Amino acid sequence: MKHSLDFINGFLSRAGSFVFSASVISKGLSFLASWVAIKLIPNKDLGAVIYAFQIIAFIIPIAGFGLEQGLLRYGALLKSTIEKNKLFTYTLKYGILISLILAGLIIFVTFFIDFNLEKTKYYLIFLSLALTTHYILGVIKIKTLLDKKNKLYSFIELTYNLLFVLLVFVLSYFFKELGYAIALIITPLIASLLFIHKLTFKWNESVNNGSTNFAFWKYGFFASLSNVTTQLLISIDIILIGSILNNLELVTAFKYISIIPFSFLFLSQAVMTTDFVNLTEKINDKEYIINYIKNYIKLFTLISLGCLLFIYFSGSYILTFFEKDYSQYATTLLILTIGISGILIIRGLFGNLLSSIGKAHLNFITTTIAIALNLALNYFLIPKYGINGAAITSAFLMWFTGILSCLFFFYYFNKKRTF
């Protein structure tokens, strides 16, 4: 218990409570923005924007070829504040350029694709601008983490989500789905303009310390690919339920059931967001890292048990908030929660530790293997067990990817003296 309390106190000393609170409030505001949009915009018109942005959302993690991920890891290893500022400038400039090139490619390719859904082509072209605005905000947020200004990071997160709710309400009221699309593009830009002056850097600075070598670009690129494949892994279950069972009601049911267990993930995400820079700085202090791992696993094992007990006793009742007959899916909810426990206890921790030692490509390999297994297992389990089959596949893969990440990490961590 003492070690768990020490772990929590260390987290709080790094302004973890601000990151945690911002994560909780931001999730609530994001839900509110979605609710406002669906109340003000006809479903069919809103669906066109959502569908187009879903495509863009898959590309956003690689908008700058993952340079912002390289900034987070390699910036944490730099000792000089001046060098960190130079690396930030380099990442910002080249990332913006790459994101604009990607946006241009999307616009070009879109002209040659015949979309069945009305207005999808128009909104895909328009929303490609979001690649650049979301990239800029992402880099600014990472710079605050590098500077260990976690309070400022939290304030940016809250401001962005508050602005998004406000702009969705105002623009959707006057311009319907076009207003919603505009909000998706300009909200991160406005938030960036509000906070960029709080960062110390010079636009004309150049990097001359060798930190922007091939390893830097390779790390960032594979880290971003890992984020893309992780998003794809989450989406596959819903896609396969729809294609195999051909039942849109079950697709909707699985989507809403999964909201509950996946909402628990903000707990580990808040900790990793707060501690990643600290872990990377101390990655060569093996005693510190091992103690951190032990305390993290102890704490999140207890948290996971609490989540499981909560779902076991209250799952059926909670599901009735969506639809009364959703209580029949309590078993599906429990299976998914067992899987989420694997992410809370193992996957979230060791996925970030692999990034800390510069092995982001192993996260990409792990998720790619998981996607292949997902396809194979779901084609067998979904026809046999319905959405419970999809839940079993997801739960298994959440633990499998966590264990694989753990094995990868300790193999390289014990093999190499310094990173």
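Residue numbers in this text run from 1 along the chain shown.
Backbone N, Cα and C atoms are what each Cβ position is placed from, and that goes for glycine too.
Predicted, not measured: the structure shown is a model, and the values here were computed from it.
For 12-36, 48-67, 87-110, 122-140, 152-174, 180-199, 219-244, 256-278, 299-322, 328-350, 362-381, 387-413, the entry in TrEMBL reads transmembrane segment.
Comparison of 12-36, 87-110, 219-244, 256-278, 328-350 by number of C-beta pairs under 8 angstroms to the transmembrane segment (299-322) places 328-350 first. In summary, the transmembrane segment (362-381) does not lie against the transmembrane segment (122-140): fewer than three C-beta pairs, each 6 or more positions apart in sequence, are under 8 Å. Sequence-distant contacts of the transmembrane segment (387-413) (same chain, at least 6 residues past either end, Cβ-Cβ under 8 Å): 233, 237, 240-241, 245, 250, 253-254, 257, 286, 289, 329, 331-332, 335-336, 338-343, 345-347, 350-351, 353-354, 357, 359, 362-363, 366-367, 369-370, 373-374, 377-378, 380-381.
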